[in-house]
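Participant: Sharing a structure below in structure tokens format, with a few things to ask.
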Amino acid sequence: MELDTVSGASPAEHPPRRLSCIFQELADRAGEKVTVAEIRQALGDRSFAALLVFFASLNLLPFPPGSTIVLGPPIVIIAMQMVLGNKTVWLPRFILSKSIGADKFRHMSQKVIPRLVWLEQFIKPRYWPFGRSQADRIIGVIELVLAIAVTLPIPLGNWFPAFSCVLIGLALSERDGILLSFGIFCGTLSLLVIAAVVGAAGALAGFLIH
């Protein structure tokens with residue numbers, strides 16, 4: 001299997017806009033509110049990777065406990081479609097119609113975008129081992145497992161799977177094989193930690209019951 005070691009777009013091609021730029025434009029031109037439908041439209045043909053990054057990033061912000069039960073399912077839905085080989089993202093109408101107030105969206109953007117910009121300076125197309133359809137399906141399986149972990153009601157247990165989802169989504173967006181490997185490593189580690197916590201909690205509960 002040949003690895004894609006391309007370090008950039010050919011001279012005749014324009015490199016795709018960075019996700020941080022797209023999110024910044026959305027924040028700059030936001031009216032009274034920003035809907036999920038508007039975000040999907042702005043992301044265009046990068047919507048799978050970008051929506052994964054968007055929803056996973058929300059899970060990294062300090063929302064009230066239990067919010068991952070609401071923020072996690074969209075990642076599950078997107079990942080399932082990648083596994084099925086869908087070419088475009090389908091989201092239920094009730095998710096597309098969800099909106100965020102413009103001020104709140106800008107506040108969230110101020111927290112997320114600088115971190116995206118920092119990450120993006122290290123990301124570039126390199127060592128990509130998959131074709132397009134292969135990448136979507138294989139990464140979809142990985143993201144699906146991590147997305148399910150994100151939705152689990154474990155205190156602080158969703159942060160590392162969500163962070164791994166962001167890394168893998170960025171890797172898919174930029175075709176960065178090195179970042180993909182690191183994201184998978186972080187995801188595997190986060191799942192092992194969650195399994196250990198759940199196992200310890202189960203053992204403690206069994207000890208207390210008996």
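Using the three backbone atoms N, Cα and C, a Cβ is placed for every residue, glycine included.
Caution: TrEMBL annotation is automatic and unverified by curators.
The model shown is predicted, which means the values in this text are computed figures rather than measured ones.
Among the features that TrEMBL reports, transmembrane segment is placed at 47-63, 75-96, 144-172, 178-209.
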Participant: When you scan the chain for residues with a C-beta under 8 Å from the transmembrane segment (144-172), skipping those not six or more beyond its ends, what do you find?
Facilitator: 19, 48-50, 52-53, 56-57, 59-60, 65-66, 68-69, 71-73, 75-76, 78-80, 82-83, 116, 119-120, 123, 135-136, 179-180, 182-184, 186-187, 189-191, 193-194, 197-198
Participant: With Cβ-Cβ distances below 8 Å as the criterion, list the same-chain residues six or more beyond the ends of the transmembrane segment (75-96) that contact it, or say none.
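Facilitator: Distal contacts: 35-37, 40, 47-48, 51-52, 55-56, 133, 136-137, 139-141, 143-144, 146-148, 150-151, 165.
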Participant: Determine which residues of the chain contact the transmembrane segment (178-209) at the Cβ level, with the cut-off under 8 Å and only residues 6 or more beyond its ends counted.
Facilitator: 122-123, 126-128, 139, 142, 145-146, 149, 152, 154, 157, 160-161, 163-168, 170-172
